[in-house]
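**Student:** Sharing a structure below in structure tokens format, with a few things to ask.
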Amino acid sequence: MSVFKKAMASAAIAATMFAAPAMAEDNMRIALVVKALGIGFFEAAAKGAEEAATELGGVEIIYTGPTDTTAEGQIEVINALIAQNVDAIAISANDTDALVPALKKAMSRGITVISWDSGVAAEGRQMHLNPSSNPLIGNMIIKLAADHLPDGGEVAVLSATATATNQNIWIDEMNKVTGEYSGINVVATVYGDDLADKSYREAQGLMASYPDLKAIIAPTTVGIVAAAQAVTDAGKIGEINVTGLALPSEMAGHIDSGASKSFAIWNPIDLGYAATMIAYNLAKGTATAEAGKSIPMGRMGEVALDGNSEGAMADPFIYDASNIDAFKSIF
Amino acid sequence: MVLRHIPIREGILGAAILVLLGLVSIRYSGFIAPANLANVFNDTAPLIILALGQMVVILTRCIDLSVAANLALTGMVVAMLNVAMPGLPIPVILAIAILLGAMMGAINGLLVWKLAIPPIVVTLGTMTVFRGIIFLISEGKWINAHEMSTAFTGFSRTAFLGLPVLSWIAIATVIVFGVMMSRTALGRSVFAVGGNPHAAVYTGIDVGKTQFLAFVLSGALAGLTGYLWVARYAVAYVDIARGFELEVVAACVIGGISIAGGIGSVGGAVLGALFLGVVKNALPVVNISPFWQLAISGSAILIAVAFNARAGRSKGRIILKSAEGSV
């Protein structure tokens, strides 16, 4: 049996050795490595990568990843990709540091390595693509409320805990740009602690304290769902719009009911598309991943790299009644 | 005449709630509008139901820290059942929730009864185990509003005689427990076991079995609340009601239920829960910084406990003094 296995393994290795150079001649092969296979978010990213491949032409996407979200699994996958001599690896990492040695090995073999979504430490990749940036998110959450308030009005923020770093940064960024939306007045910031019952109660408190409230902005998934339910139970659908950051699967019911007109989060399809475009341009040599440089991303524009070779893709993507059904089964 | 029948402790707590309502209404007059008070009661209903179960457990000198995890697991199971079988009638879901909760309570009870493990250790363990099981069965995913049937989420908010069903379930639980604690053998044996377990044994009461039954009751109520909770917030995930067990214990303690067992009443537990409910609902409308909110909630608990400790102490001393005097 073991002889048979060895023979099979040798045959497989031989096959890849012969196959790899033959393939490399005509197609550029970009590996999209995800945290684990079978996750809706990443399946959608793969769809975006395929879209980019079709647009570019002559690009083959290898969508791969471990079966569970472990760094060990991803290291095996990376080693297999090095053996196949792919042209580029775009990875959403399960661990910031553990993948660095394997990815360094890949880069030393001339493979382009970038990380997207979930980053790798700077020495393990050429650049990292963030789905968005704090200023873009801060601007988006107030824009979501303002879009449905042409005459302005009172809005309030329902956050997670008072000490949640990311929430506070987004709210700070939001406050910086609130002046640009005329008539929009942020009257309060309350904290639901990411508990459904407390968030629900805080939303009720907002409605009681501010009878003219027009929108509740919740940049947290627990908060936005609880606030939407509180608005529904208070019979204020249409009067108060609940918006913020959330996943389509969690908000589908509240978009249907009208409690939320729109909300935002990154679009995984765009993310997969942009990561593929960047990997292509870097592997082709039409762009370089250096601090301060920009890399083209096709229809997503350009990504500007900061001192840490990180860049933000775009504004968070807006989900509303027109596209929620397509996305609610994805993530 | 009527006042004579109201115990002092409950009277003071009731007065404290009224003072609190008065203070809040100075800052925000709409708070004491009947519709808002009904909202506050409805919001406190889960806490009242859980506090009654916890009261029975604490009276038997035990503690049940697994109630919130039990609630979350039952909530997740019934939500998943609802997704799998949207046509399942609500009474069946209620029965499943209560039975499942009671089973989890029975696990706690058996470990305390048969293996004589301290209740705080048992329920700390099962608390984590239950949360872990939720993660296993749900794979960390949420069950969202659009996946649940309208009957499933609508039941607890159906209005009946001006109050939602959720409030009526709390009221019914209070009545059932009021009768059970004062009029049944089980109710009396709970007090006996907590008051003096050795004496209880001599009167023919099985201490372990009474504690077991207390855990089953607490578990059953946690299961019932699990469904009501998930229906009310229209979402189920691993972390729902995180930390809620401490609020439940706090409600009991504020309500004058002695953590050492044997002393307490249904009225106290209900008032303790209402007190916390009023505080929790008042803080968002009086516009206080979130850091102060935590401090205020904590102080309310400490003051209540300190007060109860003083009130409880004087009773025991008098007997000793007179006994010393006679020698």
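Note: Cβ is positioned from N, Cα and C throughout, glycine not excepted.
The structure displayed is predicted, hence computed values, not measured ones.
From TrEMBL, here are the annotated features:
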TRANSMEM  B:12-32  transmembrane segment
TRANSMEM  B:44-60  transmembrane segment
TRANSMEM  B:90-113  transmembrane segment
TRANSMEM  B:120-138  transmembrane segment
TRANSMEM  B:158-179  transmembrane segment
TRANSMEM  B:211-234  transmembrane segment
TRANSMEM  B:246-279  transmembrane segment
TRANSMEM  B:291-311  transmembrane segment
**Student:** With the transmembrane segment (B:158-179) as the reference, find which of B:44-60, B:90-113, B:211-234, B:246-279 contributes the most Cβ pairs under 8 Å.
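**Tutor:** The stretch I would name here is B:44-60.
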**Student:** Does the transmembrane segment (B:246-279) reach the transmembrane segment (B:120-138) with at least 3 CB pairs under 8 A, where each pair is 6 or more residues apart?
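**Tutor:** Touching, no - the transmembrane segment (B:246-279) and the transmembrane segment (B:120-138) miss the threshold of 3 or more Cβ pairs under 8 Å.
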**Student:** Which of B:44-60, B:120-138, B:211-234 has the most Cβ pairs closer than 8 Å to the transmembrane segment (B:90-113)?
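**Tutor:** Top-ranked stretch among B:44-60, B:120-138, B:211-234: B:211-234.
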**Student:** Which sequence-distant residues neighbour the transmembrane segment (B:44-60)? Criterion: at least 6 residues beyond either end, Cβ under 8 Å.
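**Tutor:** Here the qualifying positions are 67, 71, 119, 166-167, 169-170, 173-174, 177, 181, 190-191, 193-194, 207, 210-211, 214-215, 217-222, 224-225, 228-229, 232, 244, 247-249, 251-252, 255, 257-259, 261-264, 266, 268-270, 272-274, 276-278, 280-281.
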